[in-house]
Amino acid sequence: MSWQQRVDDALTARRATDTLRRRYVVSQGAGRWLVANGRQYLNFSSNDYLGLSQHPQIIRAWQQAAMRFGVGSGGSGHISGYSVAHQALEEELAQWLGYPRALLFISGFAANQAVITALMKKNDRIVADRLSHASLLEAANLSPAQLRRFIHNDTQHLSRLLQSPCVGQQLVVTEGVYSMDGDSAPLAEIQHIARRHHAWLLVDDAHGIGVTGDEGRGTCWQRGVKPELLVVTFGKGFGVSGAAVLCSESVADYLLQFARHLVYSTSMPPAQAQALSASLAVIRSDEGGERREKLAALVQRFRAGVNASRFTLLNAHSAIQPLIVGDNSHALRLAEALRQQGCWATAIRPPTVPVGTARLRLTLTQAHEACDIDRLLEVLHGAGE
């Protein structure tokens, strides 16, 4: 088979099963409204949960830092790209979340891959929740360690897998809030089981940090859990982009030596780091608390309204509210029907989610108003008839 035939066959297979992904060009996409092709839509696909991407204080911090530092970092943090802005943000994150150290990464995907591939060796085992993010599972597959996956949030299955003999070390991998189902992991029980088997725990709290817990400290803090490795990302609750790994002093020193994504990547712009410090200040403030309260009220309003409809609603109390449709083509048609009525929603299909669980992945943000939720419910009920 030629290279071209391989490419063509893969695309043909995706088209045949209604799983071909596409990008949409938008002129505005992060806030309450999404604008595409000159039309304005209520935006129910953004992960800017607290609406901070449009916050004037954060925008101003980025602008001021860009004037001071320029628009790029100029190198890896090991060469010349570790600025005072990066150092300040790492120290603020570590203090906020109660860890000795924080290390910045350019993305959550890079952070997850860096940590897992740097730590895991040939005789080790990774035990990951079956619904873990693609970055975690891909990193596990790329590492020399054995990968075992436990049934989603099934702690008994997790325990059985950890009990089987392992020559090396074991790492349990889970998420705080799951990106496609919107539900939370039983973190306290998972941590208890991991410690009983002398395993380390890695929690990716991309969708919880900033949004849940005291001062927005996330799902782990809310549940009284302190994993050995906590990954937080900045594209959701923080409204910016990038990520950080929270860990011990020795693990941070180890990652600085062996995490290739950290060593061999140009670091995030200092202006971005300073904007993230400004975002953290908002998250920790009374204003941040008010934004979280408003978001929680909007989620409650949506769930109360949609329960009477014909859609399958998962047990999710986060900003992520998936409506399970099942059939791929039905999910696409439903998303298009909502767009025709001025509501922008995204159809999620395999391989992102398991076969037979295609869905509308609706995300609510603090930027929405109660009338927006009511309009979404009205359109959903009409589209579902």
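All positions are counted from 1 along the displayed chain.
From the backbone N, Cα and C atoms, a Cβ is placed for every residue, glycine too.
Here's what Swiss-Prot has on this protein:
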BINDING   R21, H133, T352  substrate binding site
BINDING   G108, F109, S179, H207, T233  pyridoxal 5'-phosphate binding site
MOD_RES   K236  N6-(pyridoxal phosphate)lysine
Over all shown protein chains, what is the count of other CB atoms within 10 A of the CB belonging to G108 (pyridoxal 5'-phosphate binding site)?
25
Diameter of the pyridoxal 5'-phosphate binding set by C-alpha atoms, the set being G108, F109, S179, H207, T233, in angstrom:
13
With every protein chain in view, what's the tally of Cβ atoms within 10 Å of the Cβ of R21 (substrate binding site), excluding that atom itself?
8
Those residues of the chain, 6+ apart, with a Cβ under 8 Å from that of H133 (substrate binding site):
G108, N112, E175, S179, D204, A206
Looking only at the recorded positions F109, H207, T233, K236, R21 (substrate binding site) has its closest CA neighbour at F109
If you rank the binding-site residues S179, T233, T352 by how many other Cβ atoms lie within 10 Å of their Cβ, the lowest count goes to T352
Checking the contact step here: among the binding-site residues F109, H207, T352, which have a Cα within 10 Å of the Cα of K236 (N6-(pyridoxal phosphate)lysine)?
H207
For the recorded pyridoxal 5'-phosphate site, enumerate neighbouring residues of the same chain (Cβ within 8 Å of the Cβ centroid of G108, F109, S179, H207, T233, site residues themselves excluded), in sequence order.
H133, S135, D204, A206, V231, G235, K236, A243
Which residue, of the recorded positions F109, H207, K236, has its CB surrounded by the fewest other CB atoms within 10 A?
F109
Sort T233 (pyridoxal 5'-phosphate binding site) into helix, strand or coil using the DSSP assignment.
strand
For T233 (pyridoxal 5'-phosphate binding site) and T352 (substrate binding site), the CA-to-CA distance in whole Å is 20
Hey, how far is H207 (pyridoxal 5'-phosphate binding site) from T352 (substrate binding site), Cα to Cα, in Å?
17
Quick check: in three-state DSSP terms, what is F109 (pyridoxal 5'-phosphate binding site)?
helix
Give me the CA-CA distance between T352 (substrate binding site) and F109 (pyridoxal 5'-phosphate binding site), in Å, as a whole number.
15
